[in-house]
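Taken from TrEMBL, the feature domain 'Fatty acid desaturase N-terminal' applies to 27-66. Annotated domain 'Fatty acid desaturase' per TrEMBL: 87-347, in sequence order. Per TrEMBL, region 'Disordered' is recorded for 1-21. Positions annotated as transmembrane segment by TrEMBL: 57-79, 85-107, 181-198, 227-246, 252-274.
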């Protein structure tokens, strides 16, 4: 190990090692580097937020969304069967992917990474997220707490794994191919609304927690008014959809908006799940957890061409957890800059997403400390009942 906490292994050697052994465990010991050392390694301009550049991504995505909408509503009906069914399927997938990119930009607004003006970030984020039926401020505050407590079994907010002793009684009956398929199907289709409404897969609270409830335990008194504003935003878009149903019919709304929204929700859950669920990642109880180790308990993935469509939230997530106010358009450069310092603490898995999803569903069932380990507060994924 060299000066400044640098690992002796070169970046190219580390990348090759990760490619050949993506399941190697990330070190759970306290890192030999600090957040300050990581920040110094990143070119200063990477932390600059540009209003014109940020809005250029909004304009680009919304232009593509409109083009897809225009083509679908004006030309698909002219196609003979079964080509029209194929065209609708293509529209749903493409529109869902681009709208996921819109979701990511609103997510960036929630992190104050869109501009230097909080009011502008919140205005843009509220409009974009509400259009996708997301309660912007409600999610912003719970997501902020996720970033503050990543990897903590007691305080993390989303996809918090359970110890074996807390697993539901029926879990062992789902630990098979049909059960995993059913679990993944429910997670990808219903997971997002279930999380927002019932806090499914979220942290434990002393009473019922719901992202739409301004007086719920997720929020404090200073945040409650903004939760009301989030609810108004979602209600306003819901009313617009109702008027569209009245004038255009429910099948039109489902075809044009509903199915792409399901795909957005599915990608959102899938991306988050795979960022924080991996056989190599540790979780910590209060005796071991600290912020830096928790922030490093995440993994970068490769979604191919969708990395660009999703504004690189997929393949620069480690850097995002370390510096969440950094704009997405600088995250690739920042990731490249910090990888030599992170060394083996940086995790990248290039396994094809469909294979990785199935593997994680099979291998990452619950967490337990290793048998005989002295680190009783460090938990690893297990799958044997």
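Glycine is treated like the rest: Cβ placed from N, Cα and C.
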Range from 85-107, 181-198, 227-246, 252-274 with the greatest count of C-beta pairs under 8 A to the transmembrane segment (57-79): 85-107
Winner by Cβ pairs under 8 Å against the transmembrane segment (227-246), considering only 85-107, 181-198, 252-274: 252-274
Helix, strand and coil residues within the domain 'Fatty acid desaturase N-terminal' (27-66) as assigned by DSSP: 27 helix, 0 strand, 13 coil
